[in-house]
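A.B. asks: This is the structure I want to talk about, given as structure tokens.
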Amino acid sequence: MIQVAKIIVDVPTMQTNSPYSYLIPKQLTNELQVGMRVVVPFGNGNRKVQGFVVQIGMEEVDADQLKSIESLMDLEPVLNTELIQLSRWLADTTFSFQITCLLTMLPNVMRAKYSKQLKIVDDQMSEEQLADILPSTQWQDFETDTLSPLQQSELSKLRKQGKIEIVYRVKNQAQTKQIFQIKSHINAEQESGIVDSLRKNATKMRDLVHFLANQSKIVSQTTLEKKLAISSATIKAGEAKGWLVRKKVEQYRDPYKEFKGKTTPLTLNQEQQTALDEISQSIEKSQAKTFLLEGVTGSGKTEVYLQTIAYALAKGKTAIMLVPEIALTPQMVTRVKGRFGKQVAVLHSGLSDGEKFDEWRRIKRHEAQVVVGARSAIFAPIENVGVIIIDEEHETSYKQDDAPRYHARNVAQWRSKFYNCPLVLGSATPSLESRARSERQVYQLLRLPNRINGHPLPKVQIIDMREELQTGADQNFSQPLLNAIDKRLNMQQQSILMLNRRGYSSFIMCRDCGFVLKCPNCDISLTLHMDSRSMKCHYCGHEEPIPKQCPNCHSRKIRYYGTGTEKVEQELKTKFPSARILRMDVDTTRRKGAHERILRQFGERRADILLGTQMIAKGLDFPNVTLVGVLNADTALELPDFRSSERTFQLLTQVSGRAGRADKLGEVFVQTFNPDHYAIQLAKTQNYENFFRKEMYIRHQGKYPPYYFTLQITAANKEEKMAAQKMFAVLKELRPQLSADAIVLGPTPKPIARVKNKYYYQIVIKYKHEPNLHTAVTKILQESQSYYRQGIQLSIDAEPQSFM
Ligand SMILES: Nc1ncnc2c1ncn2[C@@H]1O[C@H](COP(=O)(O)OP(=O)(O)OP(=O)(O)O)[C@@H](O)[C@H]1O
Ligand SMILES: [Zn+2]
Ligand SMILES: [Zn+2]
């Protein structure tokens, strides 16, 4: 029996869910702990990889058979036992590898960077000889698969002859920010003596001495440099003379350093109070219970969340609150930070890697007790959790598209059980899955059926664009909507307009031959963008100049069709020359802080109209907004997805909810070509309960979730035939494991069959109870490693949120 460390290694092409055993070097026996990252040798040669220690224990093995840990990457564990346990569950339930899960839980900077270098180890070999095969500029970090077959064989020959070696290094990217602090070592009495000893023209030195002689507090070096306009060389010279000491200290990169503003708890109304009491009781009794807080838009759900968090904190516990990425900046942060100040850590994609790393460490060191963040914040290393809240729980962004394909709601449930604390799911339009569970008493339903302001929900008018177009109206604006905008401008009230398509035109087509300009890499048409004067692919980012003539028949009759936010902005400017318009879409919010700036401007009433894509639909709370216009309600309805009605209803209800949230009444116009569709008709009354019943009936008929589970398996390859063949082979292996009740759709190409030059084929399995499915799919996952070498990527998605 010897002591070994069980380690999950980071080898992308040889993944497995079982850890490897390594020997622990003598010097490290007392140091090594579960949850640390280490560098270990792996495979043949001297390849080094990052690994995670998941267990330390005795094992019946021959020490000669094992390799030994090379070095530690951390001096303390980066993962606690809870998170290691969670990663195992996550890998199992999302059909992914544990290493992928571990890396997902940590800030990006904790992913190791690998470097490899060619090194000559034989005196007989000259650098020129090697450079003949591979230019010396490529000796560092070369990619073997980009080399020519000849280069590959030459290099491997040299290696076999022992003339060259490939040296691997694992680099830790996690860097803290260090600053110098300065403490004076001289006093006022010493000043004149020192100054006399200086040369006459040493004015900078004199300034420094004067400052130090009269300063007893510690200052940072950068402050001092700025204040006295001196260089770091002057300060170092002062240090050498013993006038001061410099000390290196760590400083957090705080994204909300400048944050000010404090909010106090509001007096809750009866319904809010009842909801708070129910949840608080669960915190008090340490119950792992899930609540569904169904509250209409503007019913004050956020205030319930905040007071729930306050309750958990008062009990000496911590809290996690998830919000959709978009909602995070900036209104939600203001609300939570305003209530809990420095106790809050914020995690979202708008932060730099360094900022995220520092916020993560504040949580880990128990310096923050409240975590607010987007999806991945559910993995925050917070302990002693008292409550977990997921706002807008129906949002698709809570499901990750890449491996591990997890849903934050499921992870939250796991952690809620681990800590015996309640989980609160909040929404005005809950997902059908969650609402159905509350129907079966799996979740406890709490309702806020009324708006805080006591007003009814805004009145919604559906406008039939087919009729409007017949009367010769505008493509984008119906007359009633134009009138309503005009009225708001006259009354100095604000409007929000939503169009779910960015760019100028959705596609361009030749009127002579019908040619449509498509992306060379994907099966979709290119979108015209006027601000960059180019055609762009919204899937892969491909960009090319706007053609002046048809690339197919050379006709000049090339025309723009469809519309986007850019074009609508231009039209608005022509129609309402005096209106101040803000446009918010992916193109105007690319730069850091742009999102916040636009919303701040709108909140300060420095604009009359906010025009945007669906990123403006959620969470915004502006009291002066009394009009909401949806320019085209049909975009989501057209998608080939069984959730398209649900998405449409949710989006319309959410965006309608932005109007009339304070003392003034709100009004909504929804323009559509499908005025009779039930999702649109029911959004008119914003009656979620009716929508729920109708949609449940349809899902039952179609055998879809929440009545059936779904599992999607996709194969991707540069060649369509390869992707299709693999999917047929997978199905052949899987089908015998399934009962006759399981329904298999496909193999079929995905609705967008080609993206970034890869073809996608899929099968979807719908099932109720399949005891063999999990094992069979896990086996397919393990086998997928071997096709990976043939360039076939296989992905498995349990409960996919999108079938595109
Ligand atoms: N008890 C209360 N007394 C007074 N004002 C309140 C109270 N609760 C909430 N409010 C205010 O009512 C407004 C709407 O509340 P909030 O934004 O929390 O609603 P919500 O249910 O989260 O809305 P949505 O789902 O539309 O985002 C906010 O301006 C909030 O400050
Ligand atoms: Zn043409
Ligand atoms: Zn493309």
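Cβ atoms are placed via backbone N, Cα and C, with glycine included.
Predicted automatically and left uncurated, TrEMBL annotations should be read as such.
In case it's useful when we look at the structure, here is the feature table from TrEMBL:
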DOMAIN    282-448  domain 'Helicase ATP-binding'
BINDING   C510, C513, C550, C553  Zn(2+) 1 binding site
BINDING   C519, C522, C537, C540  Zn(2+) 2 binding site
DOMAIN    545-712  domain 'Helicase C-terminal'
A.B. asks: Report, as a single number, how many Cβ atoms besides its own are within 10 Å of the Cβ of C513 (Zn(2+) 1 binding site).
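C.D. replies: Other Cβ atoms within 10 Å of C513 (Zn(2+) 1 binding site): 12.
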A.B. asks: Cβ within 8 angstroms of the Cβ centroid of C519, C522, C537, C540: which residues besides those meet this for the Zn(2+) 2 site?
C.D. replies: P520, N521, I524, L526, H538, Y539, G541, H542, V755, K756
A.B. asks: Taking Cα atoms as reference points, which of the binding-site residues C519, C522, C537 is nearest to C550 (Zn(2+) 1 binding site)?
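C.D. replies: So, of the listed binding-site residues, the one sitting closest to C550 (Zn(2+) 1 binding site) is C519.
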A.B. asks: From the binding-site residues C510, C513, C553, pick the residue whose C-alpha lies nearest to the C-alpha of C537 (Zn(2+) 2 binding site).
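C.D. replies: So, of the listed binding-site residues, the one sitting closest to C537 (Zn(2+) 2 binding site) is C510.
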A.B. asks: Check each residue in the chain of C553 (Zn(2+) 1 binding site) that is at least six apart in sequence and keep those whose C-beta is under 8 Å from its C-beta; list them in sequence order.
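C.D. replies: Once residues fewer than 6 apart are set aside, C553 (Zn(2+) 1 binding site) is near C510, D512, C513, F515.
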A.B. asks: For the Zn(2+) 1 site given as C510, C513, C550, C553, which other residues of the same chain have their Cβ within 8 Å of the site's Cβ centre?
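C.D. replies: My list of surrounding residues reads R511, D512, G514, F515, P551, N552, H554, S555, K557, I558.
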A.B. asks: Hey, which of the binding-site residues C510, C519 is the loneliest by Cβ count within 10 Å?
C.D. replies: C510
A.B. asks: Long-range neighbours only, meaning 6 or more apart in sequence with Cβ under 8 Å: which ones does C522 (Zn(2+) 2 binding site) have?
C.D. replies: C537, Y539, C540, H542, I752, R754, V755, K756, N757
A.B. asks: Per DSSP, to which secondary structure element type does C510 (Zn(2+) 1 binding site) belong, with helix, strand and coil as the options?
C.D. replies: strand
A.B. asks: Just the binding-site residues from C513, C537, C550, C553 whose C-beta lies under 6 Å from any atom of ligand 2, please, or none if there are none.
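C.D. replies: Checking each Cβ against ligand 2, the ones under 6 Å are C513, C550, C553.
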A.B. asks: To which of the binding-site residues C537, C540, C550 does the lowest count of other Cβ atoms within 10 Å belong?
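C.D. replies: Each of the binding-site residues C537, C540, C550 was scored; lowest Cβ tally within 10 Å is C540.
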A.B. asks: Ligand 3 is in the model; which of the binding-site residues C510, C513, C522, C550, C553 have a C-beta less than 6 angstroms from one of its atoms?
C.D. replies: C522
